[in-house]
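First the structure, in the form of structure tokens, and then the observations on it.
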Amino acid sequence: MEQLLEKALILQEALPFIRDFYGKVFVVKYGGAAMEEEELKHSFAKDIALLRYVGIKVVLVHGGGKDITNMLNKLNIQTEFINGIRKTDKESLDVARMVLIGKLNKDIVSMLNKEMSNMHGAIGLSGIDANLLICTKYYQDGEDIGYVGKVKTVNTKLIRELIQMDYTPVIAPIGIDPESNQMYNVNADMAATEIACELGAEKLIFLTDTDGILDKSGKTISSIHKNQYKELIEDGTITKGMIPKINSAIDAILRGVRKVHIINGKIKHSILIEVFTKEGIGTEISL
């Protein structure tokens, strides 16, 4: 009986959050180990289904860097990263398109639809479809890194129509310049940020392989305000790959996204814990 009561109390704790977030838009960037391990993949799909069943509108943007690297290695194509961004020649772009749009996007859609069988399910898109992600060429610190795109505009009309019809858009980050018809590989974090900003999302959630932003003792910093992050970078608390994520988070907050969350996708149900409990499990960034 005590265990049953405990479960009831957990549901009761979630009620204020469910009420507050009903009908709101969450943009989730899906990547890392959560995309690679079977148990984590299925756990993630169930979590997204639960968000949908309690009335939250979810837009999913996925990465796939490890799968792209594995395919490039199989094809004996060398790959190089410049400050976390893949240098993308024509061959690498073709592989990225094949892996992101042809394989991963459809795998994710089918996995989500299995868990949302009695409602409008997931629908797979890329940034090419209906000019969803219109891009210009991206330069990394002034360096030409090939066919890498920076999102210029988002077709929010299409996304809004889909979520109003209760579909869950699943977006592969391949964008296009419609004037030149040139396709571009887009960093998934950057794509998710632009989509969240242009939708005015309630939340932007990054799934990573770490427990959010850590202090120098290795403990998770549960919340960061926009006026704190520069100091955390300057004193070496935030380093390496977390710097572009925190920069994206601050950009999103300043452009109208209410809160950004950086959580560990290797922990089962981390999204539910972060969204529906007072304590959370990762780092929350806000004004």
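Just so you know, glycine gets a Cβ as well, placed from its N, Cα and C.
For the substrate site, Swiss-Prot records Gly64, Gly65, Arg86, and the single candidate of Asn185, Asn227, Asn247, Asn264 listed with them is Asn185. A distance of 16 Å separates the Cα atom of Asn185 (substrate binding site) from that of Lys29 (site 'Transition state stabilizer').
Listed in sequence order, Gly31, Arg86 are the same-chain residues at least 6 apart in sequence whose CB falls under 8 Å from the CB of Gly65 (substrate binding site). Residues Gly64, Gly65, Arg86, Asn185 make up the record's substrate site, and a Cβ search at 8 Å around their centroid adds Gly63, Ile68, Thr69, Thr88, Ala96, Leu100, Asn187, Ala188 from the same chain. The full span of the recorded substrate binding residues, Gly64, Gly65, Arg86, Asn185, taken as their largest Cα to Cα distance, is 12 Å.
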